[in-house]
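Written below as structure tokens is the structure these notes are about.
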Amino acid sequence: MKHSGPDVEEDDLYSGYNNYNPTFDYEMTAKFPGTAIGARPLVSSFGAGAARPMTAVSAAGYSSSLTRGPAFDPLGQARGPAPPLEDKNEDTPEEKIKILEKKVNDLVLESCMAQSSGNFQLALEKAKEASRKERTLVRQREQSDKADQINIDLYGSVLLNLANQYENNEMYPEALQNYKLIVKNRLLQNAGRFNVSMANIYVKQQNYMEAIKLYQKALDQIPNTFKELKMKIMENIGLVFVRIGQYPKAIIYFEDIMSQSPNTKTGYNLVLCYYAIGDKERMKKGFQKLISVPLSFDEDKYIPSNDDDSTDMFTEAIQNDKLHQMERNLKQRSEKYIMTAAKLIAPAIETTFAAGFDWSVDVVKSSQYTDLADDLEIIKAVTYLRQKDFNQAIETLKTFEKKDTRAKSTAGTNLSFLYFLEEDYEQAERYADVAMSTDRYNPGALNNKGCTVFVKQDYEKAAEFFKEALRNDSSCTEALYNLGLTYKKLNRLEESVDCFLKHHAILRNSAEVMYQLANLYPSLLEDPQQAIQWLMHVISVSPTDCGVLAKLGQLFDDEGDESQALHHYTESFRHFPCDIGVAAWLGTYYFKKQYFEKAIKYFERSFCSAGNYHTALETYKETHQRFPEDIECLTFLVRLTNDMGLEEVQEYANKLKKAEKMREVREQRMKSGREGSGRGWREGSAGSAGESAVIVGESGSVCVFPVDRSHSGGSAKGERLSAKMRSLPVSNEPYETSAPKELDASYVDPLGPQMERPKTGAKKRVEDDDFEDEELGDDLLPE
């Protein structure tokens, strides 16, 4: 083979690369800068001087000869580093405008970020700074004769952000001013929709008529292509009319929405408006429209088909995703609207609420919300309960006993609750078991089951049911409270306190829980101050609870704080004057302080409330022995012995007659001019030595007090006190006789006609703990 190039040595690895086929020669002249062939003419078969075409053979740059060109340097490293970039001149107007525009955008972004984090004050500061920078930017454009290049979109975003931040900070006048600037600027696209923002501010300011004008203005300016936005504005107009009580005008807008774009919220508001104007027929039609609103999603796609494994895997993956949660919330809200509307209109659309519920149930059964029919039946039974028609409520709930629906468990729970309140614990336990068999995870059924076991005093088993209810629903406060009572019965006081503290963390104002803690702390920690603090919390929630007030008085008395004890005992007596212990303490207190007039009021209340006539009789007898001439004492001895059918009645009647005659003689002597000064305690009110005094109250109770003359102010004060005691009215005597004995004809009842009184023993003695148990005692909480 012949080579067109020069001869090469045999060891040349690159020999032959410059060879070419003469067939491809044609006349061409080319220059290849940076290569060895340069402008060398190539001879080809097309004629002399024809240039060789560009081929990859020579262009690769490889050659066996060192004289053909420079070394191979495809990256151009032999030329050295590239020259540095030219620095931009920031002093030019164009660069200053760009930099300032970027700062404005950054400030708006920072303001929005601060708003999203809840820092409205910082967001407002950034918005104000962005507004200042934007005005500086406009001035610079004007100075550079580039006013036609003003960024109107940037201006609108700055102004809108500033108005939003003013509104978030409740600076409504400033916000309105900025919104008006946006609306008036014709260069801004769709600025009319910001009339809605101004209308919302007027609604917050309760300027409803101005809000309606702006809503209607926005409704006219927004194009029909924004149908959803227009529907929302119409809904706002209807709600404002509802606020000002113009229900017919609100109905017009709600009906328009339901005809174009029905939704459950508007349908619910429409039913409320019909109810407000009392239109029964339109209430029915409105409820039918509400329940016929179609759901915007399909629940069937979340049900596994069990046919295709891949499809089932996909269905399982989307069971609890965000979209399904949103759809579930929408359905729950729609069901809430329907149930509330049915409860509202049922008593109004028919002659009876039962007929109204029956109509609602029939409508619901024929709709896509079939499951709500059973819930309406439950509500019907609850309505019977509120009307105290327990028999009808029980009959309604018993209809679910043969149904295999989810409402069966709810009905069983309610029946168990009713029978528990009626103390029919066997039926209560039976229906609790029915509810549990239908739904083992029903916390209400488990709680009621625990209550029925609790009353059987099987506290360990009751605690298990209460704990199971809490495992199924940690927010079941009834089970938590009952568990605390159970631990208290088991003498596991620390666990009981722990339950009540958890309950208190959930419900801060539960008086029952705080009362239980007040009872437990002295037993557990021997710290009465803790009990006092908890009881003070109870009083802050229930200030008229007489049992708690009495308990506080007792604790303060034990601590030696008589002033606080007096205050709380007095408040307890004011709310419930029949508490014997409270009345006795107050009487004793005022007796020690020698305020005898006040003491007798409480002592007589103590005797009469107790209905302890034998004790009163013994007190009167003892007083008569010490003061045999006391007319008041003899008068009540006659009445008591007569009521009790005793033989001493005639004896005391004779003594009373003699005492009255002696009093008449004394009064005649006093009228004759004898002065009574310095006589001390007279006329049976005290003994001759002046050591005692008897005070007779309005209802006949007698108290004997020692007279301390060193504190009584001498004989003059004794006279005044004696006069006060004699002036006490005694005509309201409660003691009556059911079978009076025949008295001597000479006896005349000094108190006049007798009043009717209850039979002896009819009154139950009221103990201190009775009202504590009734108000805040260890009562179970059935659900």
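Yeah, the Cβs are placed from backbone N, Cα and C, and that goes for glycine too.
Positions annotated as region 'Disordered' by TrEMBL: 68-92 (among others).
For the repeat 'TPR' (192-225), the model's average pLDDT works out to 91. Taken from TrEMBL, the feature repeat 'TPR' applies to 192-225 (among others).
For 231-264 (among others), the entry in TrEMBL reads repeat 'TPR'.
Among the features that TrEMBL reports, compositional bias 'Basic and acidic residues' is placed at 668-682 (among others).
What TrEMBL lists as region 'Disordered' is 668-690 (among others).
The region 'Disordered' annotation in TrEMBL covers 709-783 (among others).
The compositional bias 'Basic and acidic residues' feature in TrEMBL is assigned to 756-767 (among others).
Under the heading compositional bias 'Acidic residues', TrEMBL lists 768-783.
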Item to check | Chain residues outside the repeat 'TPR' (231-264) and at least six past its termini with a C-beta under 8 angstroms from it | outcome: 196, 199-200, 203, 208, 211-212, 215-216, 218-219, 222, 270, 272-274, 276-277, 289-290, 292-293, 333-334, 337-338
Checklist outcome for this item: Taking DSSP H, G, I as helix and E, B as strand, the repeat 'TPR' (231-264) contains 28 helix, 0 strand, 6 coil
